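Pulled from TrEMBL, these are the features on record:
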DOMAIN    71-181  domain '3-dehydroquinate synthase N-terminal'
BINDING   Gly108, Val109, Val110, Gly111, Asp112, Thr132, Thr133, Lys144, Lys153, Thr171, Leu172, Gln173, Thr174  NAD(+) binding site
DOMAIN    183-325  domain '3-dehydroquinate synthase C-terminal'
BINDING   Glu186, His249, His266  Zn(2+) binding site
Amino acid sequence: MRTLQVDLGERSYPIYIGGGLLAETGEYFERHNLAKKSPLLIVTDEHVGPLYLSKLETSLQNSGYRTISKVVKAGEKSKSLEVFEEIMTTAIEGGLDRHSVVIALGGGVVGDLAGFVAASYMRGVKFVQIPTTILAHDSSVGGKVAVNHRLAKNMIGAFHQPEMVLYDVDTLQTLPERDVRSGLSEMIKHGLIWDKSFTDWCRDQSDKLLDLDPESLVYGLTLGCSIKAQVVSTDEREHGLRAILNLGHTLGHALEATGGYGQFLHGEAISIGMVAAAKIAVNRGRDQSIYLVTKDLFERFGLPTTIPSQMNEDDIIAAMMHDKKFKENQIIYVLPISIGEVEIVNDVTADDVRHVIQELKEEGQHV
Ligand SMILES: NC(=O)c1ccc[n+]([C@@H]2O[C@H](COP(=O)([O-])OP(=O)(O)OC[C@H]3O[C@@H](n4cnc5c(N)ncnc54)[C@H](O)[C@@H]3O)[C@@H](O)[C@H]2O)c1
Ligand SMILES: [Zn+2]
């Protein structure tokens, strides 16, 4: 078992990563002095619930906790105000009080949704993340919680740090293959923004990672979480450095919205977004190898690197304009300088992005 610390003053918290943690949740809750008198609310989804909910409930109940649970539909569409309200109803009917803890058992969707419930219920209650996807090594750390608006992703949300992150890597063995690939996309991102040697390691270990080799997974997830933790500790509320975590996300979020939050998984959309960012950087004069290495990396993981020809540029650009990263008519864009190093710029124009969308659509027709 490995423990990392996210240093945020009085909001600091540990990330525990290892096998078998789910069955020990009750003990971790006791160790963190989480109240036993108030009911706990576990939020999970229809795929994760049948696999892991009873194990979690049993562990908590064995330690003397009372639990209620809410199972939502799987998928990005559950990150909505409607589902948020349903969970609020469960919380109120279940008698949650100020000392209750909301637990997210699932991937990034459940984490973002349950986290926003925790941030809002009675103006904020405690929150624990129990991630069950690879992608959630990113989403469960850093305190960004949100639901989507029909027009734009993550538009309604808060910063709400968890008490702890309990990452039982055994749960990853049941992940569908497409979600394995999608999650590895954020792991690769952590290398691309921060650490070339981690990017090289991901490339060398691609087969093992895709096969869910436990040792490679624990190493990769620990490094990914630690990069995220370092960035977040430096800039919790994204006044500067934290924006580098958005590599690939400006276009990625727009692709997700344009695809109706169903066509692309998050990791797939940002994979295209990262390749596009590399292409924009090259179009602005950076070395061509940045694009080639980035594209090769994502292809090795079976992730998409081109844009489907039937997608409309205007729709994608319109979705991008609604994004939070679009300020006073300027897009805040993260671009690679080299592999493992990025810069934040504000002079990428909508036309630059439109041009790259066209290039990536053409690229897709040649494969
Ligand atoms: N808050 C943040 O900082 C942050 C960062 C990155 C991504 N995100 C968000 O995370 C979301 C994507 O997260 P995700 O990819 O984990 O998606 P997800 O939560 O939808 O999970 C993916 C799929 O896998 C299933 N699943 C989850 N765990 C499983 C398991 N152990 N076994 C079998 N099936 C399992 C889920 O039911 C779902 O169908 C997006 O909404 C994205 O915006 C947030
Ligand atoms: Zn992301």
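Every residue, even glycine, has its Cβ placed from backbone N, Cα and C.
Structure with TrEMBL features highlighted.
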residue	record	contacts (Cβ under 8 Å, 6+ apart)
Gly108	NAD(+) binding site	Pro131, Thr133, Leu135, Ala136, Asp138, Ser139, Ser140, His266
Val110	NAD(+) binding site	Val43, Thr44, Asp45, Val48, Val72, Ser78, Ala104
Asp112	NAD(+) binding site	Lys79, Ser139, Lys144, Val145, Ala146, Val147, Asn154, Gly157
Lys153	NAD(+) binding site	His253, Glu256, Ala257, Tyr261, Asp323
Leu172	NAD(+) binding site	Thr132, Thr133, Ile134, Val180, Leu212, Leu217
Thr174	NAD(+) binding site	Leu51
Glu186	Zn(2+) binding site	Ile134, Leu135, His137, Asp138, Ser139, Gly224, Gly267, Ile270
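Candidate binding-site residues: Asp112, Thr133, His249, His266. Those with a Cβ under 6 Å from ligand 1, in sequence order, are Asp112, Thr133, His266.
The Zn(2+) site is defined by Glu186, His249, His266, and by the 8 Å test on Cβ atoms against their centroid, the other residues of the chain that qualify are Leu135, Asp138, Ser185, Lys189, Gly248, Gly252, Gly267, Ala269, Ile270, Gly273. For the domain '3-dehydroquinate synthase C-terminal' (183-325), the DSSP-based tally of helix, strand and coil residues reads 103 helix, 0 strand, 40 coil. DSSP places the residues of the domain '3-dehydroquinate synthase N-terminal' (71-181) in helix, strand and coil in these numbers: 47 helix, 33 strand, 31 coil.
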